[in-house]
Amino acid sequence: MAHLQRTFPTEMSKGRASFPKGFLFGTASSSYQYEGAVNEGARGQSVWDHFSNRFPHRISDSSDGNVAVDFYHRYKEDIKRMKDINMDSFRLSIAWPRVLPYGKRDRGVSEEGIKFYNDVIDELLANEITPLVTIFHWDIPQDLEDEYGGFLSEQIIDDFRDYASLCFERFGDRVSLWCTMNEPWVYSVAGYDTGRKAPGRCSKYVNGASVAGMSGYEAYIVSHNMLLAHAEAVEVFRKCDHIKNGQIGIAHNPLWYEPYDPSDPDDVEGCNRAMDFMLGWHQHPTACGDYPETMKKSVGDRLPSFTPEQSKKLIGSCDYVGINYYSSLFVKSIKHVDPTQPTWRTDQGVDWMKTNIDGKQIAKQGGSEWSFTYPTGLRNILKYVKKTYGNPPILITENGYGEVAEQSQSLYMYNPSIDTERLEYIEGHIHAIHQAIHEDGVRVEGYYVWSLLDNFEWNSGYGVRYGLYYIDYKDGLRRYPKMSALWLKEFLRFDQEDDSSTSKKEEKKESYGKQLLHSVQDSQFVHSIKDSGALPAVLGSLFVVSATVGTSLFFKGANN
């Protein structure tokens, strides 16, 4: 039976009320990972449609986002789920080819695509959920990729500005929170340096099967153009009078780094370089108008430069800093690299390490090889941003825990709805944010879990699950709430302070447990073990555990 061995920290015992007034709690998504319906509504083809269909072997399960989790047809029921678990914000992205099928505004706007996003936004607002809209989450129209190489060309800057302008015009009367770019580091490095993600470009010395690309060069060009496109979009945004109290920024995805050998000055300095190359690469220009000095020194003339006018547009172009945080690693300084085979990784002169010099991991390993549950890393990043960039407003635009397919993690191996590891991960990171706000003075203003639903996870396909809701891909994409969803529902209740009596707490706990039990009784996992004779024990333990967990208790782990 599960062993309950931890209570909430006292300072978080009031749940949502422990955070500043107006603090946003939400979930995050992206168009290609959620929507499906790739051939509906006059949608054009994106680079990810092309990549997943042309190179299925680069997706772990050879899948694609053609259907994804069918948010296109099910958004109303999914928004009800957000409301049910007391979320007050939702981060979604616009699919560029859904509103501009041919990439350029002068080639035609899809009014069907515009209507879809208008309907989603209106449904969110009707449920008192604040939309945070991302303009670019990697699904550039394939037409622009074919025509001039997408973000490899400066031509993309004008086309992105026109696309962003369309979004502001059509949705800005109801949307005040915007994000221009999601994880430009991933898009540049994975798309143009390692070739793992669309469009899959890199040098032959990185991947012998590569069709085209130039590692150590193209990623810097792509990121440069992304930053210039961002600046142009922000200039348009700030001239839109109908956008009231608007805020716009970029969602970065830094890791936190600790030195492989704390006694080695090179490893300590390597951590600083690694932060410059991952976070500073795209954050520094928007705050200071130029790339970090470490990058300019290391990359040399392969790193593009900004004109004075471009720098002026970039400085102050973010109203908040978006942070997508998942994990932390150790960094070991590299003494020598081959200058004839440059990559982004060798340019920073470090290796990422899963263990330190003593063979110890930075924290408990999560659901993938490079994932570690280390909330302290998030707190350190928040303090780093405050110290380095003058304490700007911060949104945690993504944070989540992925588990590989149907991996078993405890006694509850028969049912993934008992996601104790995810629950622990989320609670730990919310606590780290709380500490950063109240003890460190960091201006964190929102937290978005990745993600509401299991979904298409890029190169991992459907083999990694991050959702608060389990998607049954074998049974019509049915949704089942996991323990983490019900825990968040309880944590985010608006009536925390008015519901403190013992009888009401016990009533809530019992209801909480029954909800989870009901959500999984008819799932494929329960059906699959009926013949094993283990069903009564599994469901019995499930009920006992879930009925016991309320606002004051949560799972630390499950032990026999």
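Using N, Cα and C of the backbone, Cβ positions are placed for all residues, glycine too.
Binding of beta-D-glucoside is attributed by Swiss-Prot to GLN33, ASN182, GLU183, TYR326, GLU398, TRP450, GLU457, TRP458, TYR466, and within the candidate set HIS137, HIS230, HIS242 the record adds HIS137 to that site.
GLU183 (active site, proton donor) has GLU398 as its nearest neighbour among the recorded positions TYR326, GLU398, TRP450, TRP458, going by CA to CA distance.
Long-range C-beta contacts of ASN182 (beta-D-glucoside binding site), restricted to its own chain and to partners at least six residues apart, with a cutoff below 8 Å, comprise SER30, SER93, THR134, PHE136, HIS137, TRP138, ALA251, ASN324, THR397. Looking at GLU398 (active site, nucleophile) and GLN33 (beta-D-glucoside binding site), their Cα atoms lie 14 Å from each other.
Counting only residues at least six positions away in the same chain, the Cβ atoms of ASN253, LEU255, SER371, GLU398, ASN399, GLY400 sit under 8 Å from the Cβ of TYR326 (beta-D-glucoside binding site).
Between the two most distant C-alpha atoms of the annotated beta-D-glucoside binders (GLN33, HIS137, ASN182, GLU183, TYR326, GLU398, TRP450, GLU457, TRP458, TYR466) there are 18 Å.
In sequence order, GLY65, ALA68, VAL69, SER451, ASN455, PHE456, GLU457, TRP458 are the residues of the chain that are 6 or more apart from GLN33 (beta-D-glucoside binding site) and have a CB within less than 8 Å of its CB.
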